[in-house]
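Undergrad: Input: one structure, supplied below.
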Amino acid sequence: MPKLERGKASLPSSSFSPVVVQMETDSEESPFSSSSSSEGEEEEVGRVSDDEDERNDEEAVEGEEEDRAKKRRKAPITISLKKVCKVCKGTGHEAGFRGATYIDCPRKPCFLCKRPGHTTMSCPHRVAMEHGVIPAPRRNADTSLDYIFKRQLKAKIPMIKPTFVIPDHLDCGIIRFHSRRVTCLEFHPTRTHVLLSGDKKGQLGIWDYGKLHEKTVYGSIHSCIVNNMKFNLENDGVLYTSSSDGTVRCTDLETGTSFFLLDLNPEGWNGPATWRMLYGMDINVEKGLLLVADNFGYLYLVDGRLKTRIAGPILIHKKGSKVVGLHCNPVQPDLFLSCGNDHFARIWDARRLEAESSLASLAHGRVVNSAYFSPLTGNKILTTSQDNRIRVWDSIFGNLESPSREIVHSHDFNRHLTPFRAEWDPKDPSESLAVIGRYISENYEGVALHPIDFIDMSTGKLVAEVMNTDITTISPVTKLHPRDDVLASGSSRSLFIWKPKGGKSPEQQLLEGKSKKIFGRVEKKSSGKLDGESDDDFDFSSKEKKLRAKNLEGKYLSGQKKG
């Protein structure tokens, strides 16, 4: 892909011209109006001759026809439209996206950093993401627990930070794989080239991107959004999924058959006040326990071996608030993180779970979309909040009242998108590289693109922007491969695979590109499996973007035939 350069998009002046609307109006003299007459006139009418009566009747009929004709005429009415701001609903100014440019509302602070005094286009955090970030590796004061960390965990972290390997080249993809937007991704733990995906409709997709055409969509797993997927490490052919339909299911990937592990809505829909949705989910590998949390702030424990619920509900967040994420510590699985709509991320010990017994509460400005321990030592914490901040705590043994760093990043969205989540690179031994999609578009040579950002969490510096001119939609769902240098991204209903550019000769890259870069539709499946359907999301709602997808599909299919 050729190197792209950002450009400044000029703002065309927009003025609202008067609009002429044709409307049907009544005539000035209505045939249904009546006027009172004096008694003398009535007596005079009574003395009118028969010829005059007939003449009056004819004139009355003609008058009624003329009045009806006047009523059918369309009188022009001029309406002047006022400019209405989409942000504050005020008049006299505009705000919002115009192409790749965001126009700020003068009554609101900067959309990116949420601070007044400047616009989004001139925000210092947009120019340099590391602006204002403290680059020190450890800002918190040492405690007695740091001795345990240095003896047991720090030996796993190399003294010299290795070079980051960024998968920035679009290798292959599949257009409109799902019938609704992609909500979660997961790589198979043993089969290297198998990617699993869940969508808004409750479907489960399985795609072998090494063979491209080996793809399956199971349409009867859940009845609505699939929010999480976790593998049973004792049997990698079994997948656990949680959904907004209030169920946890165990699915056999070979046959597509599934059964309930947990159902919080056995009586069906009785209104939003009682309907429970499951968002956060993780698995305690040592004990085989599934941890799931609902939209009322409660936690449930399910034994994956006995396939029964053993505990819960336990209130772990503010009552009535949604718990959107759970993550067990990779070194000590009894410790787990939770995050929710009450603007907190909390650390818990599963061995003594009860309400208000959290080990620490990490405050945020708005909803916390995700919270993760670092993948190797479990000593760091990475959170993504809806206030356009990514926060990092360098040590769970240190002072947790304030984060070690706050990095301003654009991921505050309105609606119709899966929440953005910054995730660690599981292969990075320094535990500093993270990946997340970007909401605000950038103008790259006249094309509005939404890159996928790789950020060094130790300094806040933007390491790489991954993009392709053929992908103009937002990529809120990203997943890094646990073993290979591969990035999977979900954009609307489509899936894409990214790999590093280097490592192969130009001839090999050319041959591989011709044979693997195929963008196709999902073929019709048998019963229980669905093909592509219309999407209700805004990413592919317009005819222009549907036509772009068709052209993109034809472009790469024709390239494959020539190769």
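Yeah, the Cβs are placed from backbone N, Cα and C, and that goes for glycine too.
Sharing the feature lines straight out of TrEMBL:
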REGION    1-73  region 'Disordered'
COMPBIAS  10-21  compositional bias 'Low complexity'
COMPBIAS  39-66  compositional bias 'Acidic residues'
REPEAT    175-208  repeat 'WD'
REPEAT    361-394  repeat 'WD'
Undergrad: How many of the residues that make up the repeat 'WD' (175-208) does DSSP mark as helix, as strand and as coil?
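TA: Helix, strand, coil within the repeat 'WD' (175-208): 0 helix, 17 strand, 17 coil.
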Undergrad: Per-residue pLDDT averaged over the repeat 'WD' (175-208) comes to what?
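TA: So the average pLDDT across the repeat 'WD' (175-208) works out to 94.
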Undergrad: Tally of helix, strand and coil residues over the repeat 'WD' (361-394) according to DSSP?
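TA: Going by DSSP assignments, the repeat 'WD' (361-394) contains 0 helix, 19 strand, 15 coil.
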